Amino acid sequence: MLEDLLSRLDRLKEFLTIKPLYYDLNTNEFVWIDTRQLPWNEVYIRTKDYNRVARAIKDMEIRGAPAIGVTAAFGLTLAAVHSKAKRAEELMNEIKEAYGVLAATRPTAYNLFWALDRTWRAAQRAFEVENDADAIREAVLREAFTIYVEDVENNVNMGRNGAKLIDNGDRIVTHCNTGSLATAGFGTALGVIRYAWHEGKSIKVYADETRPLLQGARLTVWELKKDGIPVTLIVDGASGLLFRRGMADLAIVGADRITLSGHVANKIGTYNLALAANANGKEFYVAAPTSTIQPVVGEDSIVIEERSPDEVKTVLGRLTITVDDVEAWNPAFDITPPELVSGIITEKGVARRPYEKTLKEIIGLTE
Ligand code: MRU
């Protein structure tokens with residue numbers, strides 16, 4: 001039943017050197033690499049329980065906007081496939097409950113809500129047309145698998161589109177982790193960097209360490225080293241000096257949510273990087289699939305996740321770096337305004353200012 005999707009996936013296998021997450025069709029389990037344990041241990045976890053999947057998102061075993069979306073869709077699949085419900089109505093109620101649990105995991109990544117809605121709509125269609133529990137199970141699995149395969153395809157297309165903006169010899173600053181480990185495979189901003197490298201361009205990456213959870217130091221460096229792409233690790237505050245001294249040519253980052261006006265929510269520190277690039281006359285690009293674009297204008301709808309102050313007061317919970325009772329503020333994301341964004345690289349092309357016009361064209365929203 002999924003042969004067409006499996007063959008689409010097979011055509012992408014050269015890009016899937018790291019398989020961060022997948023659905024095991026033999027056992028009906030969802031499988032993922034626990035990114036919290038990287039780069040020290042490569043541990044894969046598997047489950048049949050959507051509540052466990054929700055915990056994996058909440059605790060950031062799985063993170064990165066596209067990866068969160070794909071995972072949530074497979075979470076709904078587990079809820080449907082392993083439900084004992086015989087009647088279609090009963091099954092729909094259980095899927096709806098799972099939807100609520102998965103939607104409450106993390107608030108910022110738009111892909112989470114986009115993927116849950118898309119999978120839920122597939123269940124509703126099957127319910128309305130066939131009113132049969134097994135038909136709903138099949139529809140949910142198929143939709144989640146489609147979202148998964150499309151995510152890898154989109155990343156490769158985004159890579160191809162974005163690599164045109166990278167010149168031979170470019171030195172690129174990136175923030176957080178936007179690679180295979182943040183998606184269904186290959187990556188967004190890191191996918192663009194990877195694509196340029198595979199085209200034979202000689203490039204060098206500066207990876208922000210990305211305080212407080214160190215996705216840059218732990219995950220981006222791990223991925224780039226595996227590919228043999230030259231990488232230098234820097235602290236988040238170093239990019240200003242880097243650009244000022246002419247040591248970097250451009251910045252490329254991913255996004256958790258982009259609105260039609262071109263406001264970009266991404267890992268905390270992204271805005272500072274954009275300011276540093278712009279102040280020094282350098283391009284600042286964002287790479288994200290259209291599933292990250294929320295069809296609203298402005299930044300008011302963007303919910304910024306605030307995480308535990310302990311993440312700031314310690315290094316990964318292992319070493320306390322401050323005075324015990326100090327107050328700490330830990331917003332996990334920030335918002336970069338459109339005037340600092342040189343272009344938004346998507347699987348359908350590169351959008352330029354004015355974003356309200358170009359993003360609407362890209363996602364097919366007509367007036
Ligand atoms: O808190 P995280 O690790 O989920 O944040 C991830 C990011 O901010 C990424 O840059 C973003 O999701 C784009 S990933 C392709």
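Any Cβ shown, glycine's included, is placed from N, Cα and C.
Under the heading substrate binding site, TrEMBL lists Arg63, Gly64, Ala65, Arg106, Gln215, Asn266, Lys267. Non-local contacts of Arg63 (substrate binding site) by the CB criterion (under 8 A, 6+ apart in sequence, same chain) comprise Thr35, Ile57, Asn177, Ala182, Gln215.
Long-range Cβ neighbours of Cys176 (site 'Transition state stabilizer') (same chain, at least 6 residues apart, Cβ-Cβ under 8 Å): Ala182, Asp208, Thr210, Gln215, Gly216, Thr220, Val253, Gly254, Asn266, Lys267, Gly269, Thr270. According to its DSSP assignment, Cys176 (site 'Transition state stabilizer') is coil. TrEMBL lists Cys176 with the feature site 'Transition state stabilizer'.
Following the DSSP three-state reduction, the secondary structure of Asp256 (active site, proton donor) is coil. Sequence annotations record features per position, and here TrEMBL assigns active site, proton donor to Asp256.
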Of the binding-site residues Gly64, Ala65, Arg106, which one has its Cα closest to the Cα of Asp256 (active site, proton donor)?
Ala65
Applying the rule Cβ within 8 Å of the centroid of the Cβ atoms of Arg63, Gly64, Ala65, Arg106, Gln215, Asn266, Lys267, what extra residues of the same chain belong around the substrate site?
Ile68, Thr108, Ala109, Cys176, Asn177, Ala182, Gly254, Asp256, Ala332, Phe333
Just how many other Cβ atoms lie inside 10 Å of the Cβ on Lys267 (substrate binding site)?
28
For Lys267 (substrate binding site), name the DSSP secondary structure in the helix/strand/coil scheme.
strand
